[in-house]
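Read the structure below first, then the notes.
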Amino acid sequence: MSSEFAVLINGLTKRFGHVPALDGLDLDVRTGEVHGFLGPNGAGKTTALRVLLGLLRGDSGHAEILGSDPWRDAVALHRRLAYVPGDVTLWPTLSGGEAIDLLARLRGGIDPRRRATLIDRFDFDPTKKGRAYSKGNRQKVALIAALSADVELLLLDEPTAGLDPLMEAAFRECVAEERAAGRTVLLSSHILTEVEALCDRVTIIRAGRAVETGTLTQLRHLTRTSITAELAELPASLAGRPGVHDLAVNGNQVSFEVDAEHLDGVMRLISQAGLRSLICQPPTLEQLFLRHYQVSAS
Amino acid sequence: MIGTGVLVRLALRRDRLLLPVWILVIVAIPVAIASAIAELYPDVGQRLALGATMMANPALQALTGPIFDPASVGGLTAWRATTFAAVLAGLMSIMLVTRHTRAEEESGRAELIGAAPVGRYALPAAAVIVTGLANLLAALLLVAGLAGQGLPLAGSIAFAGAVAGMGLVFTGIAAVTAQLTANARTANALAVAVLGLFFLLRSAGDASGAEAVSWLSPLGWAQRIRAFADERWWLLAVFAAVAVLLVAGADLLARRRDIGAGLLAARRGPAAASASLRSPLALAWRLQRGMLFGWAAGFAVVGGVFGALAASVGDIVGDIPQIADMLARIGGAGVLVDTFFATQLGLFALVASGYAVQAASRPRAEETIGRAEPVLAASVPRWRWLAGHVACALAGSALILLIAGLAAGLAHGLRIGEPATQATRIAGAALAQVPAVWVLAGITVLLFGLLPRMTAVAWAFLVAFFLLGQLGELLQIDETIRRFSPFAHVPALPGGTATATPFVWLCLTTGVLIAAGVAGFGHRDLKSD
């Protein structure tokens, strides 16, 4: 296959007993991009990553990673990628430094200078035994081991869960550097500001299938802009107009949300109604997610 | 102790399958033995003959303890079943207490509970209460079962009391070991090591006729309560008092430490891994070596003690004229020493199988807890990861048997003045047990590969083989069934003759089991629960 896509998933399904975890998932990650992978808890993000790692085998559909079959070629593939699990468990008798070295060596080696830099950047004490680390510090072990590896692809499963804001900033810097170095990153995350700051493209999954995918601009386009305006007179046709939602009128002031494709028409309408002031808020990623998450909850 | 009641119910809910199985096994074995003895040895004459034969065998005395009343069914039942049932009650108690105290702390669940409005020591209190209840229930069922077989009620109560007493003492011991270390596996290992020590004391005392040594062990008390033979009721009070003291001691220790911490402060480790920690095998060795060293030390001590006893075995029995005649006919005291060694090595092999199952189960623990995932997400083929642990199980079980054999042979050899000869001879005999032990590792790997959630069933195989081997002859179980046990195929060494055939078959069986398990693991999903 061409090297255009680092990860290519088509119609992937995976059931655990009677519970479907992946239900026809599609996902493509382009080589060299940072791809955000979002979804509510239990949507199937971790299952998808485990299939990509050959730890689970998909029931049907197609999954390809760096041009190879993740199940069949797992061992060779793992030399070319690094993984940070969402919940890192360490060996109680091994120190953090030992765990970093071991995991990196099992992948094929470690650059001692890069290891030292990362330990410094993440302000990590490698001499404690596995049991003594907090959640965030356990996460750092997996992060340092993964980031110090010279690989083409990073699979990160909620890697900043448990990190403090300073460490999160260090993590963002690292990911930016990885991208600059031409590496591909698949980042599963719940932290929307992180996704907005880092990701080129985003895929949102719900109940085991992708519901949205695209660049942030494209995704923003899919959602509503909120508008608060002060008008000379209230246009009668505003209420009930297609694309206008949650209209609230307070004297001369109106506030509502409008779908992207109706924005043009609605703006024309209110600009002819004696527009005195206008606050226009672009859609946040958060709104987009909430919309999808709430659908899944209902 | 607010909340203890809820936690007791939680423990009962979590153990609703495990607990009945333990209790059933503890009750069923003595009842089955009583029923079999009543059926197979209906006349007093037969029973006295059986008793005389058994008393003539010090190796068996070491295993089971003395017979106080060979004339009655109850007396023979107490002789044969007390150690079994008492050891099982001890193991059940250790397992239960650790599971509901230290394992809960280690997993972090205790924190969740500690944050709720429950008393600080409600968790250990609930564990002790549940374990105590389990032992009492087992005792009640034992009384009902034994009396139901027509045995005298008083003897049944004494027998059940000794079994439950042993369970309660180990409830206390496990409550203490759970306070000492931050690791549930180590807590269990410490308590089991104490159980092993008590077994050794009683065993050595009974085999050498040193009554005082046997009295040092609660297992000795369990025998010497003399169920069905003029009971010593006051021993029940001794059990209870020791159990209460131990629990009180655990409580004192618990007050001196923080949640999640052991009494020993955690040490720091190296900032970087040594050059050798770079393969799945090196990781498996690193994870398993502590346990292996513990087992090796235990086997060295036990081997040494039994080796030192062996020469006395002929002397004790030689004092009894009828037996001395019999001995002369079958080839002299040397034969008796060999029989003693063969019996002890057979027992060592069963215990070493416990190590093999434990070591071969390690991959399951690593998988469940999520530590297999990062390793297998690195460039490690599944078979190599599994092979590292399997290698530890196979080499480790061979090593501990070799150590036991060397220690036993050396101790015996030093007494009779030929250390080198005896060390090699007994070590060789010990190694003859290894292929049978490996079969248990093979069964564990097969279960792990094909039915990972059933990996623990390997322990059931071990118990079944143990019962077939130890009780098969007494209960006159059919030979074809007894040959299901790999240990039935090991020749009686030292002293007997050995051919290569059974060893080849046992090794082949192990190979096939392991290969199937590894293949199964290569084709299945990683399961983290």
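The backbone N, Cα and C atoms fix where each Cβ goes, and this holds for glycine too.
As annotated by TrEMBL, transmembrane segment applies to B:17-38, B:78-97, B:118-147, B:153-175, B:187-205, B:233-254, B:292-313, B:333-357, B:390-414, B:426-450, B:457-477, B:503-522.
Counting only same-chain residues 6+ beyond the ends of the transmembrane segment (B:292-313), those with a CB under 8 A from a CB of the stretch are 58-59, 62, 189, 193, 196, 200, 203-204, 207-209, 333, 336-337, 340-341, 344, 348, 352, 355, 359, 392, 396, 399-401, 403-413, 415-416, 422, 426. Residues 281, 284-285, 288, 292, 295-296, 299-308, 310-311, 337, 341, 344-345, 348-349, 352-353, 355-356, 359-360, 362, 420-431, 433-434, 437-438, 441, 444-445, 514, 518 of the same chain lie 6+ residues outside the transmembrane segment (B:390-414) yet bring a C-beta within less than 8 angstroms of a C-beta in it. Comparing B:78-97, B:153-175, B:187-205, B:233-254 for CB pairs under 8 angstroms to the transmembrane segment (B:457-477), the maximum falls on B:78-97. Sequence-remote contacts of a segment are chain residues at least 6 beyond its ends whose Cβ falls under 8 Å from one of its Cβ atoms, and for the transmembrane segment (B:333-357) they are 57-60, 62-63, 196, 207, 291-292, 295, 299, 302-303, 306, 309-311, 313-315, 317-318, 327, 393-394, 396-397, 400-401, 404-405, 408, 412, 426, 429-430, 432-434, 436-438, 440-441, 443-444, 458-459, 462, 465-466, 469, 487, 490, 492-496. Counting C-beta pairs under 8 angstroms (sequence separation of 6 or more), the transmembrane segment (B:233-254) reaches the transmembrane segment (B:118-147) with 3 or more such pairs. If one looks beyond the transmembrane segment (B:78-97) by at least 6 residues along the same chain, the residues whose Cβ comes under 8 Å of a Cβ in the stretch are 11, 15, 19, 22-23, 25-26, 29-30, 33-34, 37, 51, 54, 63-70, 127-128, 130-131, 134-135, 138, 142, 155, 159, 162-164, 166-171, 173-175, 177-178, 188, 191-192, 195, 199, 218-219, 222-223, 226-229, 470-471, 474.
Two recorded stretches are said to be in contact when at least 3 C-beta pairs lie under 8 angstroms, sequence spacing 6 or more; the transmembrane segment (B:187-205) and the transmembrane segment (B:426-450) fall short of this definition. Within its own chain, the transmembrane segment (B:426-450) has Cβ neighbours under 8 Å at 307, 341-342, 345-346, 348-349, 352-353, 356-357, 359-361, 363-364, 386, 390, 393-394, 397-398, 401-402, 404-406, 408-409, 412, 457-458, 461-462, 465, 486-487, 489-491, 493-494, 498, 502-503, 506-507, 509-514, 516-522, 524, counting only residues six or more beyond its boundaries. Packing against the transmembrane segment (B:118-147) from elsewhere in the chain are residues 1-4, 6-8, 10-12, 15, 19, 22-23, 26-28, 30-31, 34, 74, 77, 85, 89, 92-93, 96-97, 99-101, 104, 110, 153, 155-157, 159-161, 163-164, 167-168, 171, 174-175, 178, 247, 250-251, 254-255: each is 6 or more residues past its ends and has a CB under 8 Å from a CB in it.
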